[in-house]
Structure formats: structure tokens, C-alpha cells
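Marked as transmembrane segment by TrEMBL: B:30-49, B:61-80, B:87-105, B:111-133, B:140-159, B:179-200, B:229-251, B:263-280, B:285-304, B:310-328.
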């Protein structure tokens with residue numbers, strides 16, 4: 001059978017449809033935002049927006065990894081908060097001390113992820129219950145560390161990472177770096193593909209000789225790491241640490257929303273962390289849009305909810321194409 | 001062919017059921033939960049002699065009643081294999097809308113309680129439609145409805161605690177002790193619990209809930225009204241959460257922002273610790289009662305021990321994980 | 001056998017929760033040969049190959065590969081030894097591309113990452129080897145029709161250079177054209193020196209392919225012989241272990257009433273085309289043809305499960321439009337569907353026998369939604385007696401029953417409703433001979449009592465033995481109607497295969 005060149009394109013497009021859609025929505029929203037902002041696309045506007053967006057994007061990436069395995073991680077927000085508190089304690093002093101502090105923060109993220117992974121894999125508890133409970137533990141640890149908001153950070157580093165490099169927000173560059181160092185290699189590694197396989201059809205993956213436990217564990221481990229990266233970044237933005245259940249909870253929930261808007265299937269096995277990043281940026285831009293159109297910021301939670309519900313409801317348009325009602329039940 | 005061990009998680013109860021009788025299957029987690037309650041009471045009595053006094057216990061049960069109402073709705077939804085993450089703000093909606101109604105003159109005063117519950121049920125209706133008709137995973141749809149409910153409440157109140165006060169009926173229902181000094185709230189929970197047990201065990205609705213939770217496809221092919229049942233369960237969950245919010249507003253005489261936030265994790269934990277499978281289809285209300293009391297006692301002991309919030313959270317999460325590891329594990333898959 | 005076996009099993013035993021699936025099983029296969037394993041459902045074939053391919057571990061017995069004792073703890077271990085199995089239940093990942101699937105466990109790598117270009121080339125080679133060049137390697141498996149997926153499955157096994165290849169009902173989902181291509185591939189592999197183990201219920205396939213045959217019955221090895229050395233009848237007797245007659249109840253003459261179920265010009269998507277037939281009360285109307293020619297869809301369409309069905313359905317002369325199982329229960333004549341897969345569609349396995357039995361009839365056993373326990377208990381007892389369901393207690397989970405008893409529960413739960421039109425979707429698949437016979441008797445009793453029965457079976461003997469008429473389907477159409485004495489294996493097989501030359505649809 002002859003293969004036309006367009007054939008490949010069609011399949012590649014189908015594979016990335018969710019990601020592309022999220023990217024398109026974000027670009028459209030951001031263009032509207034920029035066009036209506038008094039200062040236009042000034043570096044400051046973009047950098048401020050980027051810093052906020054990157055925080056959620058990192059947590060959303062963390063959530064994506066677990067969601068791809070058909071699990072859910074309700075503790076990402078708390079790992080994020082714990083990392084924030086740790087960073088406000090340890091990421092200070094000279095370069096060596098700061099570097100060591102960063103290692104502590106990221107190491108803690110890995111440990112949290114590992115704990116989730118071990119309980120889910122070897123304890124055989126459901127991810128949703130497990131991470132709900134470990135989330136409480138991580139939050140407790142954060143509170144132990146920082147009963148009241150405060151602490152400090154290596155201000156030079158913080159300013160560098162929240163500023164801009166030749167007009168490009170440094171935080172975006174960092175996000176790009178993290179994507180290139182963690183996500184891209186993972187996506188193209190055997191373990192990364194195993195993560196997709198486990199989420200899509202665990203039994204078939206087992207039959208095919210896929211290392212299921214390793215895939216799951218890697219997903220939770222890296223999820224913890226990425227959430228900790230987010231917490232570190234939060235410290236750079238706020239210059240302090242705060243053990244706030246509200247921040248943790250809202251990041252967990254918004255990360256799930258970002259993942260869904262980014263085209264990642266909550267049933268596992270389909271989607272991309274890149275899509276989740278755009279999903280996060282879309283969510284963050286909603287607040288900015290309300291601001292430039294002079295909406296009361298009180299409208300923000302409602303808008304976030306409505307956008308999330310619209311996104312998932314649009315997804316159920318596919319139901320109209322279902323001809324066999326049994327297919328509705330998956 | 002005798003069934004080989006299946007790998008899909010949904011069929012795991014099969015292997016267990018082959019060995020155990022029905023009785024053992026249902027009772028083990030529930031017994032374990034009650035065992036934990038007794039253990040907690042003993043531990044608590046070491047710290048404070050008043051821990052075993054009837055007055056203290058009744059007070060605990062009064063506090064447990066609020067959680068009990070929420071956990072009841074959560075259990076119905078979890079039995080379907082779904083989850084209701086809109087609890088925090090539906091509780092708040094219940095509190096805020098009932099106190100708001102109280103400000104609308106005598107008629108509003110009379111209708112405050114049903115009005116609050118109805119608002120919660122309406123959110124539940126939206127949840128149910130999203131899950132049953134649009135087939136959006138409940139985790140995401142209820143999350144979205146939570147944000148919508150929050151958005152509506154924030155808009156209404158401008159982000160401040162509303163000035164409306166609870167009606168006296170709400171106050172009496174939540175705090176009064178009229179019969180044998182048993183808290184009225186406990187009676188409310190008892191009535192709701194009795195209705196739930198009846199629904200689950202004696203009605204077609206209850207049977208359908210278990211059936212859908214086990215295998216929705218088979219339930220549909222059996223001609224059960226699957227969508228209607230799912231919607232009703234979510235409405236019940238919304239209504240009960242709002243009812244708890246009404247009582248909470250009565251308890252503290254006012255509704256306030258985020259008053260429902262501390263109830264989501266305990267509600268899910270109570271249901272799961274009570275032996276209800278988070279995958280749906282399995283669980284008894286007796287277990288949920290045990291789970292609610294267990295969670296309430298655990299919180300109470302931690303506060304009696306004057307444990308700082310940090311330690312409380314860590315112990316709280318750790319104990320839940322530990323108890324689930326002991327008796328809530330899924331069967332090995334494969 | 002004259003050939004040196006490459007792989008041998010001896011004294012293999014395996015039980016699942018007290019139920020013996022295999023006992024003293026043995027098997028020897030040689031390179032360059034196709035070895036067919038025959039046996040009824042439940043004879044232990046599936047367990048045998050699951051042990052060979054490392055999916056389950058035997059309780060006892062030895063396996064030798066090249067004379068060396070081996071044990072496979074996981075499918076991976078068996079794969080590393082060169083044993084690959086193409087399972088009935090597909091082992092493909094729906095969300096990944098065809099190329100990803102073909103080398104899922106061991107992709108080509110460069111610098112530790114998957115080399116997509118090489119992967120694509122390997123996938124194209126493997127697809128070509130399997131005779132499925134029409135499948136695009138970048139297509140998502142989710143988007144492929146079942147027959148294409150099965151071809152990917154075959155390509156996936158071939159890509160890994162097996163020494164021993166096991167095909168478990170690998171052709172059941174394939175179109176006739178695919179089957180021919182797969183056969184050519186298998187013969188080529190045999191010539192290349194592979195050892196092939198072939199499991200199929202289709203005797204003619206085995207006749208065409210096999211060099212050696214082994215028959216299993218009730219988990220035991222019964223006989224091995226060179227292909228062609230036994231007649232079809234002898235083989236069937238080996239499989240069922242007794243005379244193959246008097247299994248079916250006698251067919252009474254058909255009553256001459258008008259039709260209760262009339263179907264005119266029914267169509268659905270591209271799976272059903274212009275289906276027209278009528279069925280009378282007391283009639284058992286069979287659906288025949290190769291598996292997957294639209295029979296299941298026809299039953300689902302009648303039961304209201306499919307959307308966008310064209311054509312007219314009349315019940316008792318009234319045109320009806322049934323929107324789902326709930327509506328089907330209360331149609332002018334109550335309808336019942338015994339679905340295809342009892343584990344996922346017929347039963348809630350962890351729920352009790354009693355709960356399962358009363359599920360469809362709950363509305364009749366309750367008032368204002370409250371279940372009348374006394375009537376419920378009576379109805380349960382009646383059904384358990386009627387179908388002789390062997391369960392110690394109706395309160396035990398239905399999953400604890402044997403396959404045959406589970407199937408009886410599926411049928412009984414619908415009979416409780418007193419259906420007048422009964423649609424059966426391959427109800428005897430995977431159950432023991434004794435229960436099958438009981439089901440045949442039951443069907444005839446129901447028909448005699450005036451019910452109309454639409455009976456799809458993949459087993460030709462059942463159609464011959466049970467049905468008053470058989471509609472043979474091919475590619476979504478009724479291609480032939482057989483009645484009375486015309487229903488012979490020859491007629492069924494020939495009409496299933498000799499077709500109005502509709503060209504095969506190439507996918508992808």
C-alpha cells in the first residue's frame with residue numbers, strides 16, 4: 001500500500017492533538033491579555049506572568065506523570081509546600097551552601113515521591129487514598145519546619161531566576177531546561193513508554209514483559225522531584241516559606257485542572273507534560289484576563305471552575321459519536 | 001475453564017470471595033475499625049481520665065455527627081466507584097445559603113434549613129449530570145463544581161464572612177440536648193443513617209448502587225436505570241454535605257468562608273477506613289459509622305494530647321496509611 | 001513422534017482456588033512443525049499455554065527446553081527463552097502506536113533512548129512479515145478495528161524472533177482474507193524451522209495447518225496423533241469422551257402462528273446491512289456464520305443498545321423503537337439478552353448469587369422501590385431450582401461458582417422477568433458439557449412454552465442440534481437461511497465461507 005507523506009503527519013498530529021489545542025488556547029488568551037494590557041507585552045508583564053505560570057506548570061507536570069499511570073497524586077501540592085518551607089530554611093548562604101540546600105530540597109521531593117510510590121506499589125493501596133493521607137504527613141512536616149511564615153532565601157539566586165535574560169523570563173528558561181532534562185528523555189526512554197503502557201492497559205503491559213513496578217515507581221519519584229522544583233521556585237518568588245494548607249490544596253486542585261485542560265487523559269496512558277504546562281498557563285492567564293478587563297478578582301474562582309467544566313464537557317462531545325452504548329462504560 | 005487469576009483490578013474481589021464466606025468478607029474491615037476505636041479509647045483514657053466519661057463521649061458523637069452526615073453522602077458516591085470532591089464548598093454553600101435565608105423574614109427563617117439542603121442538592125444534581133450523562137470522571141467534575149460553588153459564594157459574600165445569623169432552629173438542631181441529654185445532632189445523624197441503611201439494604205435504589213459500583217456495564221444491560229441512580233446518589237451527597245453545613249452554621253451561629261475545608265479528607269478517610277472499597281461496589285454503612293467515630297476520636301485524642309498541628313497532621317496521615325496497610329489492601333493483582 | 005522435541009512438558013498440574021484446571025498434562029513440540037491442541041472449552045488448553053508462556057506457574061511438573069529443565073516466572077522470562085504467545089485477550093496497549101507496540105518491551109535504543117527511526121523500520125518489517133503491510137506503523141492501536149489489531153499482535157510476536165510461537169484462537173477476530181494471509185505466514189514460519197503451537201476451535205483450520213495434534217479433556221492429555229490419522233468424528237469423540245449424540249432435545253414441529261418479531265431493513269453503521277427476518281413464537285432461530293460477522297451487533301441492536309439503527313422492528317405487529325435494556329424489558333413482549341461476556345456484562349462477580357438473580361426483575365419484586373423480601377426469596381428459590389444452580393447458599397458471591405453455574409445465573413436472572421423474546425449471545429462459551437446440555441433443554445422448554453429465541457452460537461453443532469432455522473451472516477448481512485434438515489455442518493460452513501464476492505475492505 002502506498003504511503004503518502006501526509007500520512008505520517010496525520011498520525012503525529014493525532015498524537016499531539018491535546019497538547020496543540022491547549023497551546024493554541026493559551027496563545028489566544030495571552031494575545032488578548034497582552035493586547036489589552038496598558039503596558040502591552042513589556043518584559044515585566046511577561047516575566048510576572050511567567051513566574052506565576054511556571055509555579056503551577058511544574059506542579060502540573062508532577063501531576064501528569066502520576067496521571068499517565070492511571071493514578072492520581074493528591075499530595076503534589078503538599079510536596080510543593082514542604083519544598084517551599086525547606087528551601088526557606090536551607091537555600092541560603094554562599095554558593096556551596098545554597099547548592100547543598102537545593103540538593104536537600106530536591107532530595108526531599110524525591111523521598112516524598114518514593115514514599116507515595118512504595119505505598120501504592122508494594123502496599124497496594126489506591127493512589128487517591130494514599131496520597132490524600134501522605135499529603136497530610138507532608139503538610140505536617142512543613143508545619144513542623146515553619147510553624148509561622150518566614151525564612152529567607154539566597155536573594156541573588158532568587159532575583160536571577162525570577163528576572164529575565166535578554167528579555168526572556170528566566171523562569172521560563174528554567175522550565176524549558178527541566179523539560180529538556182527530565183521530560184524529553186523520559187518520554188523517549190523505555191521506562192517512559194512503560195509509564196504510558198501501564199496507564200493505558202496494565203494487563204497487556206504485563207503480558208508484553210513491561211517492567212510495571214519500575215514504571216510506576218519512576219512516575220511517583222519524578223512527580224515528587226518536579227513538585228519540589230515548583231516549591232523551590234515558589235521560594236524564589238516569595239522570598240519566604242509558608243506552611244499553608246490552602247496553598248497546597250489549591251495547587252493540587254489546579255494541577256489536576258491543568259492536566260485535564262492540557263489534554264492528559266485521567267484514565268491514564270495518553271497525554272503529555274507539555275500539554276499540562278500549557279494547561280497551567282491557560283489557568284493562570286484567566287486571572288490576568290479578569291484583571292485587564294477590570295473584573296473584580298472575586299470572579300476568579302468561578303471562572304476557573306467554569307473553564308475547567310467547559311473543557312471537560314467539550315471532551316464529552318465525543319459521546320455523540322458513540323454508536324454502541326456499551327462503549328460508554330469503558 | 002475455571003477462571004484464571006485476572007489482572008484487572010476490578011475483578012480482584014473474586015479471588016478473595018472464593019475463600020471467605022460473605023460474612024467474613026463484609027465484617028473483617030468493620031471489625032478492625034471497631035477494634036481501632038476501642039484501642040483509641042484506651043489510649044485516650046491513659047491521657048485523661050475524663051476520656052471515658054459519658055459526657056465526653058456524647059460530645060465526641062455530637063462532633064462526629066457533622067462528619068457522619070458528610071461521610072454518608074460520600075459513601076453513596078464511593079460505592080458507585082466515584083468520588084465527590086465538591087464537599088468543602090458544598091458544606092459552605094449549605095451554611096451560607098441557610099443563614100442567608102434566615103435574613104429574609106419569617107418565611108425565610110422557616111425555610112432556612114430546607115433551602116440550604118436544596119442548594120447543596122442542586123450542586124449534587126449538576127455533579128450527577130456531569131458524571132452520568134457527560135461521563136466526565138467524577139474526580140474532575142466535582143472538583144470543577146467545587147470551584148464553581150466557591151466562586152458563587154465568594155461573589156455573594158465579597159470574600160468576607162457573611163453577617164447573617166443562623167436561625168434558632170439551626171442552633172437547636174446543632175447544639176441542643178433535649179432528650180436524655182443526647183445531642184440533637186446525633187439524632188439527626190441516627191435518622192439519616194437509619195434511612196441510608198434501609199436504602200442500601202432494602203430498596204432497589206440501594207441494590208442498583210452496589211450493582212453499578214461493581215460493573216456499570218452489567219448493571220446497564222440488566223435494565224437498571226443507571227444514570228438516574230448516579231444522579232440521585234450525587235444529589236444525596238450534595239444535600240447531606242449542605243445539611244452538615246447548615247448544622248455547622250447553627251453550631252457556630254454563623255457561616256464563614258472555607259468552613260467545609262477540614263471535612264473532605266476526613267470524610268473520604270472515614271468511608272475508606274470503614275471498609276468501603278474506593279473502587280466501588282463493596283462496603284457497609286456500619287463500617288462508615290465506625291470510620292466516622294474512628295476519625296473523630298483520633299482528632300480528639302490528638303487535641304487532648306495537646307499535640308501541635310504539625311504533629312497532628314503527621315500522625316493523622318500516618319495512622320490512616322498504617323490502618324489501610326493492615327486491612328485495606330487490594331488483593332495482589334496477577 | 002519421529003521428531004526430536006524442542007520443548008516438552010511432563011506431569012503439569014495447576015489448580016485455581018481448588019478447581020483443577022490441569023492434571024498430569026504433557027505436551028511435546030518440535031521445530032518445523034505445527035502442533036494443534038484440541039479440546040473443549042475448559043479442557044485446560046488456555047492454562048497450558050499460560051504456563052508455557054510464564055503467565056501462571058504450574059503447581060507441579062517439569063518443562064524442558066532443548067532438553068534443559070526450565071521455569072518461567074514471568075512472561076518476560078518465557079520471551080527471553082524464545083517462547084511467544086499471541087493471546088486471545090489482546091496484549092496491545094491501545095494508547096500507543098503500532099510501532100511502539102511491536103517492540104514494546106525491548107525497543108531499539110541509541111544513547112539509552114528509543115531510536116524511533118529504527119523502531120519504525122523494524123515495525124514495517126514485522127508488519128510485512130505478518131502480511132499486514134496495510135497497517136500504518138504510526139497509527140494508534142485504539143483506532144484500529146479488531147481484525148487489524150490482531151494482525152498487529154501477530155506482527156508483534158514475529159518481530160521478536162520467536163523459536164516457539166503459540167497462537168491461541170488467534171484467527172477468531174480475523175476476516176476471511178486475513179485468515180488466508182496468516183495461514184500463509186504460518187506455513188512459511190514452519191518452513192523456516194519454527195515450532196508452532198496452534199489452538200483453534202475451527203476444525204477445518206486445524207486440518208489445513210496441523211502436522212501433529214494433541215487432544216485435552218478435563219485438564220488431562222488424552223491423545224496425540226499425526227494430523228490426518230483420525231476422522232473428524234473420532235477427534236470429536238476424543239474431545240468429549242463419549243458418543244456425540246442425543247445431546248440435544250428433539251425438535252417438535254413448529255407451531256404455525258404468525259411472527260412476533262419482525263425485522264425489516266435493519267442497518268447500523270457499516271456493521272449491519274439490510275437485515276430482514278421474522279421469528280415466530282416457539283421458534284429457536286439460530287444465527288450462524290463465522291465469528292464477528294455482525295451477529296453480536298444484531299442482538300445488541302434489537303435490545304436497544306446501539307444508537308442510530310436504521311430499519312423497522314415490529315413486535316406483535318407493532319413497530320417499536322427500543323432505547324435501551326430498560327425499555328426492552330417493558331417492550332410489548334418483554335425481551336431479554338444473555339450477553340456475550342458473563343464476567344463483565346452478565347454478572348457482578350463479587351455480589352451474591354441472590355443479588356445477581358433478582359437484578360433485572362427488581363422492579364417487579366418491589367413496591368415503591370422497597371424490595372419485598374419474601375417474594376424475592378421465593379423467586380430466587382424458584383430460579384435456583386428451575387436451572388439447578390449449584391450454589392451452597394444464594395448469599396455466596398456469584399464469582400465463586402463454576403463457569404457453568406455462573407452462566408446459569410445469567411440466564412436465570414432474565415428468566416425471572418418472564419421474557420417472551422430471548423436473545424442469546426453465544427451462551428455456552430467456556431462452560432462444561434453437562435451445563436451445555438441443560439441449557440439446550442432449557443431453551444427448548446422455553447420455546448415450547450411460547451417464547452421466541454434468537455440464538456447466536458459460534459459452535460456449529462449447537463446450531464444444528466438446537467435451531468429450527470438458522471440465519472447465516474457474513475459481513476453484516478444475512479447471506480443464507482437454512483431450515484429444518486437443511487441445517488447441516490456442510491451447509492453452515494459452506495454458506496459461512498462461500499460468499500457474494502464482496503471485496504475485502506482494506507483498512508488504514
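Quick reminder: no glycine exception, Cβ is built from N, Cα and C everywhere.
Annotations in TrEMBL come from automatic prediction, not curation.
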When counting Cβ pairs under 8 Å to the transmembrane segment (B:87-105), the leader among B:140-159, B:179-200, B:229-251, B:263-280, B:310-328: B:229-251
The transmembrane segment (B:285-304) touching the transmembrane segment (B:30-49) per 3+ Cβ pairs under 8 Å rule: yes
For the transmembrane segment (B:229-251), sequence-distant contacts whose Cβ falls under 8 Å of one of its Cβ atoms, 6 or more beyond its ends: 65-67, 69-70, 72-74, 76-77, 79-80, 82, 84, 86-87, 90-99, 112-113, 116-125, 127-129, 131-132, 138, 166-167, 169-175, 185, 188, 192, 205, 208-209, 212, 259-260, 263
Cβ contacts under 8 Å made by the transmembrane segment (B:285-304) with residues that lie 6+ beyond its boundaries: 29-30, 33-34, 36-37, 40-41, 43-44, 47-48, 51, 60-61, 63-64, 67-68, 71-72, 75, 193, 196-197, 200, 266, 269-276, 311-312, 315-316, 319
Non-local residues, at least 6 beyond the ends, that sit with Cβ under 8 Å of the transmembrane segment (B:111-133): 73, 82, 84, 86, 90, 93-95, 97-99, 101-102, 141-142, 144-145, 148-149, 166-167, 169-170, 173, 226-228, 230-243, 245-246, 249
Positions whose Cβ lies under 8 angstroms from the transmembrane segment (B:179-200), at least six residues beyond its ends: 58-59, 61-62, 64-66, 68-69, 72, 75-76, 79, 172-173, 206, 209-210, 240, 243, 247, 251, 284-286, 289
